[in-house]
Amino acid sequence: MAGKTMIPLLAFAAWSGTGKTTLLKKLIPALCARGIRPGLIKHTHHDMDVDKPGKDSYELRKAGAAQTIVASQQRWALMTETPDEEELDLQFLASRMDTSKLDLILVEGFKHEEIAKIVLFRDGAGHRPEELVIDRHVIAVASDVPLNLDVALLDINDVEGLADFVVEWMQKQNG
């Protein structure tokens, strides 16, 4: 696979319902506007399928193909069957990406991975600030309320400010 140089991985970690996907849907265009080419790895606890029953690719995969690539002029997707394997680790998944097309890999979830992360907190989402896990990998907390923390505190509703923070963090990673 082309472009196997290491690029920064930055996770966004939070409890379900905090708005990780909602935030990333706004942050990704803001990063693109700054000339950053982001990739994304999203963790899900649910059984998922990017293919549809009845489609040829779905039927061929269900017939026993261990890996299937579905390709069109606009995009392609690789599906790998892993029912008997332990959960894949994030570094393996990142190694599957063509980093020659990326400047940054954003990660939704994988909160226990030892990579840089921004933890999200929303008041009224069912948790208390005291429950936040701030370890050595947390570079900031994005919140909608003031918090007294030993890491950077960002406004979760200020997408432009978050994008600026991410760009500055990336520049520090690149020396």
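Cβ from N, Cα, C; glycine included.
Marked as GTP binding site by Swiss-Prot: GLY17, THR18, GLY19, LYS20, THR21, ASP51, LYS52, PRO53, GLY54, SER100, LYS101, LEU102, ASP103.
Everything Swiss-Prot records as a feature, shown here on the structure.
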residue: GLY17; record: GTP binding site; Cβ neighbours (10 Å): 10
residue: GLY19; record: GTP binding site; Cβ neighbours (10 Å): 19
residue: THR21; record: GTP binding site; Cβ neighbours (10 Å): 11
residue: LYS52; record: GTP binding site; Cβ neighbours (10 Å): 8
residue: GLY54; record: GTP binding site; Cβ neighbours (10 Å): 7
residue: LYS101; record: GTP binding site; Cβ neighbours (10 Å): 10
residue: ASP103; record: GTP binding site; Cβ neighbours (10 Å): 17
Practice problem: Tell me whether THR21 (GTP binding site) sits in a helix, a strand or coil according to DSSP. | Solution: helix
